């Protein structure tokens with residue numbers, strides 16, 4: 001084998017070994033982020049929705065503080081129903097969808113885990129696009145506001 005080829009092959013193997021220790025983002029999270037980016041105003045990033053209100057982000061408690069937070073509350077409950085009623089794993093479930101003409105189309109047979117999770121994400125992303133983003137509700141003190 002040519003020494004140059006051996007060097008390239010070694011570099012590829014080393015990089016693959018390093019990449020094996022990097023946990024992948026669940027495919028569904030990537031899909032959901034893409035849906036959000038498609039529906040929200042251009043000046044916002046999907047990350048600005050990750051720690052908003054009482055329900056946007058990890059966990060959730062109390063009453064939603066506004067319409068946007070209610071979108072996250074409904075999304076959390078939708079995922080909960082997908083897990084308990086349909087035995088789906090929403091965070092890792094793959095699904096097919098299309099972004100077109102300012103809407104989102106979910107594919108797959110009704111009642112399948114892929115379709116159920118896609119519908120949860122679609123509904124939330126469209127809700128985000130229709131709801132006002134209130135800056136003071138970002139990074140709120142959840143112990144104080146979300147009881």
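Using N, Cα and C of the backbone, Cβ positions are placed for all residues, glycine too.
According to Swiss-Prot, the active site annotation covers 75 (among others), on the basis of similarity to another entry. Proximity of residue 75 (active site) to non-local residues of its own chain (separation of 6 or more, Cβ distance below 8 Å) is seen for 55, 120, 121, 123, 124, 127, given in sequence order.
Under the heading active site, Swiss-Prot lists 121 (among others).
What Swiss-Prot records for 55, 57, 59, 76 is Ca(2+) binding site, and it gives similarity to another entry as the kind of evidence. There are 9 other CB atoms within 10 A of the CB of residue 59 (Ca(2+) binding site), with all protein chains counted.
Annotation for residue 146 (disulfide bond): same-chain Cβ neighbours under 8 Å, separated by at least 6 residues, are 53, 54, 60, 61, 62, 63, 65, 140. The disulfide bond annotation in Swiss-Prot covers 54-146 (among others) and rests on similarity to another entry.
Positions annotated as disulfide bond by Swiss-Prot, on the basis of similarity to another entry: 56-72 (among others). Taking a C-beta cut-off of under 8 angstroms and a sequence separation of 6 or more, residue 72 (disulfide bond) has the following same-chain neighbours: 49, 52, 53, 55, 56, 57, 60, 64, 124. In the three-state DSSP scheme, residue 72 (disulfide bond) falls into the helix class.
Cβ contacts within 10 Å of residue 71 (disulfide bond), excluding its own Cβ and spanning all protein chains shown: 25. Residues or ranges marked as disulfide bond in Swiss-Prot (evidence: similarity to another entry): 71-127 (among others).
The disulfide bond feature in Swiss-Prot is assigned to 78-120 (among others). In this structure, residue 120 (disulfide bond) is part of a helix by DSSP.
The disulfide bond annotation in Swiss-Prot covers 88-113 (among others). Long-range neighbours of residue 88 (disulfide bond) (same chain, six or more residues apart, CB within less than 8 Å of its CB): 82, 113, 116, 117.
Note on residue 106 (disulfide bond): other Cβ atoms within 10 Å of its Cβ, all shown chains, come to 20. For 106-118 (among others), the entry in Swiss-Prot reads disulfide bond.
Feature annotation from Swiss-Prot assigns signal peptide to 1-19.
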Neighbour-count leader, CB within 10 A, disulfide-bonded residues: 54, 113, 118: 118
C-beta crowding around residue 76 (Ca(2+) binding site), within 10 angstroms: 18
